[in-house]
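Asker: Taken from TrEMBL, the feature domain 'Glucose-6-phosphate dehydrogenase C-terminal' applies to 189-480. What TrEMBL lists as active site, proton acceptor is His240. As annotated by TrEMBL, region 'Disordered' applies to 282-303. Per TrEMBL, the feature compositional bias 'Basic and acidic residues' maps to 294-303.
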Amino acid sequence: MVSRVIPVDPFDLVIFGGTGDLARRKILPGLYHRFCAGQMPATARIIGAARTEQDAAAYRGQVAEAIAEFLPEGSWDAESVAQFCERLDYVAIDARGEGGWKELAGLVREGVVRAFYLSVAPSLFGDIAERLHAHGVADGESRIVVEKPFGRDLASARALNAVLAAHFDESQIYRIDHYLGKETVQNLMAVRFGNILFEPLWNAQYIDHIQITVSETVAVGGRGAYYDKSGAMRDMVQNHLMQLLCLIAMEPPSKFEPDAVRDEKLKVIRALEPVPPSAIVRGQYRGDANGPSYREDAENPESRTESFIAMRVQIANWRWSGTPIYLRTGKRLRARESEIAVVFKDPPHSIFGEQEGRRGNVLVIRLQPDEGMHLRVTIKEPGPGGMRLMEVPLDMSFADALGPDEADVPDAYERLIMDVIRGNQTLFMRGDEVEAAWAWTDPIIEGWEERRDVPELYDPGSSGPEGALALMHRDGRRWREIK
Ligand code: NAP
């Protein structure tokens with residue numbers, strides 16, 4: 001199969017925080033990748049902006065180094081990096097000062113898409129939004145991209161929304177959750193709504209439960225002090241896991257259009273039931289020979305912040321009543337793995353006798369590693385010896401199904417940045433979605449604080465605390481193994 005790459009319209013992309021970690025690790029290497037794929041028009045320009053005083057030539061050198069550092073060897077070459085860097089410019093700007101804005105206003109062009117990526121601390125969003133307007137850099141068509149964390153509770157998220165809304169219309173604001181940029185996440189919508197096979201079974205009558213797991217092997221490490229103010233609930237569940245839950249549970253939108261999709265996601269969040277303490281297990285990793293404990297990493301010997309969380313979530317609507325969704329995410333676990341498993345109910349009767357059992361199908365949507373999907377089905381074990389059954393996966397992994405070229409899909413950031421340039425907000429969170437997610441999250445976190453809840457310790461390299469296993473056992477179910 002031949003890849004179809006459709007170039008986007010000419011653009012000026014200004015990256016505030018263009019010298020920072022996110023820009024160096026993800027945004028700029030991602031843009032380079034799109035440049036190599038032929039998606040970037042010849043007149044596209046990227047302008048880095050940060051306080052550091054330097055000229056465009058020095059910035060180009062920095063970006064070339066970042067590409068070499070963060071892209072795998074063999075996936076870049078010096079000549080194309082040099083060509084890519086010709087599109088780069090740099091302006092020294094302090095978000096809170098007045099210098100540099102005039103120069104930036106002179107650099108952005110009329111008649112091309114203007115996008116501003118705020119890869120800086122959220123406390124600077126207001127200063128930047130205000131100055132973009134005051135200095136005539138942004139106009140009514142410009143787009144603004146913001147990163148997580150979008151607030152740390154409902155009040156702060158509302159305040160951020162208000163700051164942005166003072167200068168930009170909602171149709172201009174792109175709140176990034178890079179999980180939504182993953183190929184498999186979008187494929188989930190294609191599988192659900194592009195086939196007749198799954199949707200009739202996609203409800204509490206046929207689905208026993210759903211598991212969403214995002215397990216990481218890394219510790220909080222150098223980010224310990226920052227992470228300690230956040231924890232797994234704020235850092236992962238409120239945004240990434242919640243977005244996955246919405247896509248798996250939402251009603252079919254009438255069209256694949258931004259507001260149609262986001263309206264349906266919002267309905268799911270609003271239908272989430274409050275979660276009782278008995279349905280949540282929080283954990284903190286112990287130390288071992290390979291690394292310090294969570295509390296040592298956080299430099300807080302009394303920390304009550306969770307580096308792991310498992311919870312049972314119920315959606316109060318006709319489709320899902322009685323079918324729980326289990327969420328699980330944590331640091332320093334056995335493997336780096338993200339997947340959604342839709343566990344169907346057993347067939348109502350086994351014609352093969354009870355010893356062969358009745359086996360439910362499982363649809364596994366794997367986000368990492370090796371994005372792909374497989375459906376576990378029951379077949380006859382080959383050979384003589386009667387009707388013995390076995391389970392096999394019907395594999396839909398991209399590399400096998402589509403060939404290596406097609407499987408070389410754009411990274412989530414690349415895809416989302418190209419969507420910004422195209423003006424497509426489907427895969428970005430709307431302000432009311434983010435607020436609804438915090439409105440559900442806040443009482444849970446407040447409950448922990450009131451009760452001075454202490455997380456359960458777990459061994460690094462395990463699949464989390466014992467309590468998480470017990471949470472499932474009590475419901476007569478089992479977590480899928482983290483391998
Ligand atoms: P970082 O490495 O600390 O970079 C911050 C950037 O902002 C630098 O380029 C810095 O350059 C610039 N900056 C700081 N103060 C400024 C000011 N007053 N005016 C103009 N520029 C200023 O941070 P980061 O890790 O890239 O993160 C950026 C944002 O993305 C944060 O909101 C973070 O939470 C979010 N995020 C990061 C990641 C990640 O993997 N790193 C992932 C998800 C979300 P100067 O010092 O030269 O001004």
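Even glycines carry a Cβ here, placed using N, Cα and C.
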Asker: Mind checking how the compositional bias 'Basic and acidic residues' (294-303) divides into helix, strand and coil residues in DSSP?
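Answerer: Helix/strand/coil tally for the compositional bias 'Basic and acidic residues' (294-303): 4 helix, 0 strand, 6 coil.
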Asker: Suppose we draw a 10 Å sphere around the Cβ of the residue listed as 'active site, proton acceptor'. How many other Cβ atoms does it contain, all chains included?
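Answerer: If we count other Cβ atoms within 10 Å of the residue listed as 'active site, proton acceptor', we arrive at 20.
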Asker: So what's the average pLDDT for the domain 'Glucose-6-phosphate dehydrogenase C-terminal' (189-480)?
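Answerer: Computed over the domain 'Glucose-6-phosphate dehydrogenase C-terminal' (189-480), the mean pLDDT is 92 on the 0 to 100 scale.
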Asker: Which state, by DSSP, holds the residue listed as 'active site, proton acceptor': helix, strand or coil?
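Answerer: Looking at the DSSP assignment, the residue listed as 'active site, proton acceptor' belongs to a helix.
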